[in-house]
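Features as listed in TrEMBL:
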ACT_SITE  B:K76  active site, charge relay system
ACT_SITE  B:S171  active site, charge relay system
ACT_SITE  B:S195  active site, acyl-ester intermediate
DOMAIN    B:23-145  domain 'Amidase'
DOMAIN    B:167-487  domain 'Amidase'
Amino acid sequence: MWARAVWLTSRGVLGGCQAFATKANPQESGRITAAVIEHLERLALVDFGSREAVARLEKAIAFADRLRAVDTDGVEPMESVLEDRCLYLRSDNVAEGNCAEELLQNSHCVVEEYFVAPPGNISLPKLDEKEPFLHS
Amino acid sequence: MLGRTLREVSVALKQGQITPTELCRKCLSLIQKTKFLNAYITVSEELALKQAEEAEERYKKGQSLGDLDGIPVAVKDNFSTSGIETTCASNMLKGYIPPFNATVVQKLLDQGALLMGKTNLDEFAMGSGSTDGVFGPVKNPWSYSKQYREKRRQKAQGESEAADCLIAGGSSGGSAAAVSAFTCFAALGSDTGGSTRNPAAHCGLVGFKPSYGLVSRHGLIPLVNSMDVPGILTRCVDDTAIVLGVLAGHDPKDSTTVQDPVKPFMLPSLTDVNKLCIGIPKEYLVPELSSEVRSLWSKAAGLFESAGAKVIEVSLPHTSYSIVCYHVLCTSEVASNMARFDGLEYGHRCDINVSTEAMYAATRREGFNDVVRGRILSGNFFLLKENYENYFVKAQKVRRLIANDFVNIFNSGVDILLTPTTLSEAVPYLEFIKEDNRTRSAQGDIFTQAVNMAGLPAVSMPAALSHQGLPIGLQFIGRAFCDQKLLTVAKWFEKQVQFPVIQLPELMDGCSSVFENEKLASVSLKH
């Protein structure tokens, strides 16, 4: 019976299959410099908020580093599982729309048919100018 | 009546044994009684009753729309529903009322289904426990089942009630709890890494993930565009087939749906399985797998073998990298998808008006929880110019290797793969939250996310109760676009296994018509 044969052969730890053990690689920690933090916060427009968040990112990176062990020479990146099919186009006819009023209703700040935004082109304060969360 | 399958209730409606309004009221009343499960975020009582009245008119005239006419269903709260608040269990979308229905929601409504409400989830569908939404965690109905409670009484002394509370699985835990507690007959979930199959396994339900491209994602608030699919949760496979028949098919509003024609279908009842070849991926036998699930997996394989099917061991060599690959691709796509939440056109907006950047930053800090923010930041890290090749593109290459693993196996004559769905049965909430979301997601998704990366159909079937009296699910994986074949095999398995119905004596008081299902030997309806 195949089942017995499989379970009886010694299958302790499948070679390196620690799919989710979260041991932060000590060599990797500390690569998140203040400059990287600032850069990421600016790009993401989301702040870390705490030291724990930075530590979580470091763990996430250490986790992702395991990909290096895979040999991907000559392998093309896969963007979609439907890559063998053609993305089709539909005819350029207007089928719906004219719902400006409905759409404007969802916004907090609207003037006539405009969404209102605060002034742009003003950069966020630099790390040393604003409240340093890292010290809080 | 509420304990019946969708098909049975549909017949009852057609025969006039019960009217849609009566059915709707029963479900609404049960939703109220089961409020403590926290399965629903929004209960659309008025709408459901109005739809029920319309369905009743149709039945009176003998013009029912089909099998779903008048059937109560629930929808996960990351599907847009016109006029009904859609929050994704996040502060970012609290109060957001979409002006349109997701295609899958529209299809259900066009068939006359009654929308009971929007169900709870992990915030933005990120998680595997339904514990991280702003409306609180979902409780697994099995925490209150006779089966579980009796085993606990035998075992534990002096443990508080709170310790009993089990997670429902995630991220579609609310949908799973809603169906499992009989408040509706089917529910929509979403599946990006296992979010429909995981809670199905923990709540003893059929959790189906269709092939990527079969069901429209228009209106499903996206997490990972290349992996998301709407999922279906029901109490039996025939019900899943009914719902899939309605939902599947090309949608001009979703360019990632394939154009192949799709017809509703009735699942054949397989009488023999001796033409079937079942593959058992050896890499899925991980040390962390609980011994109960492992033995159940083995028994299931034995079941197919003794029925005449060919059961062979197969290899998916890149399995150990799939969770890492998923982690990189998921956070990267999330970083992109969450960029739309800036407070300008919809959703939460903070009070700061100094500059757009400051407004966006504060809005997003207030709107997103730690999990979402963590993933956005990780994703942005992997997408940085200096990291793009080494992380994002590398993960895309590994994705191809993983998808190819599956293709190779199916090309070698295997029809269906059989694997566990989760590492163990549902754990108590207090134990679950001891580890952070990423760790838990990595554990919860381990058997399920490779399927999303390859875009294959998969279904979690309730297999048996554990020694603690809790459901354990097993997963069947099929070839792309062979969803019907997959469900046919699942239906055969369901018949062999005869998974017990959950007994919730505290909820079903007095009314003996609830459990008319002949599968039940004896049920004590009084507490």
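Just so it is clear, glycine is given a Cβ too, placed from its N, Cα and C backbone atoms.
Because TrEMBL annotations are produced automatically, they should be read as predictions rather than curated entries.
Features recorded in TrEMBL, as mapped to the structure shown.
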residue	record	DSSP (3 states)
B:K76	active site, charge relay system	strand
B:S171	active site, charge relay system	coil
B:S195	active site, acyl-ester intermediate	coil
The residue listed as 'active site, acyl-ester intermediate', number of other Cβ atoms within 10 Å: 39
Other CB atoms within 10 A, centred on B:S171 (active site, charge relay system): 39
Other CB atoms, at most 10 A from the CB of B:K76 (active site, charge relay system): 32
Cα separation, B:S195 (active site, acyl-ester intermediate) to B:S171 (active site, charge relay system) (Å, whole number): 5
Rounded distance in angstrom between the Cα atoms of B:K76 (active site, charge relay system) and B:S195 (active site, acyl-ester intermediate): 11
Helix, strand and coil counts within the domain 'Amidase' (B:23-145) (DSSP): 48 helix, 19 strand, 56 coil
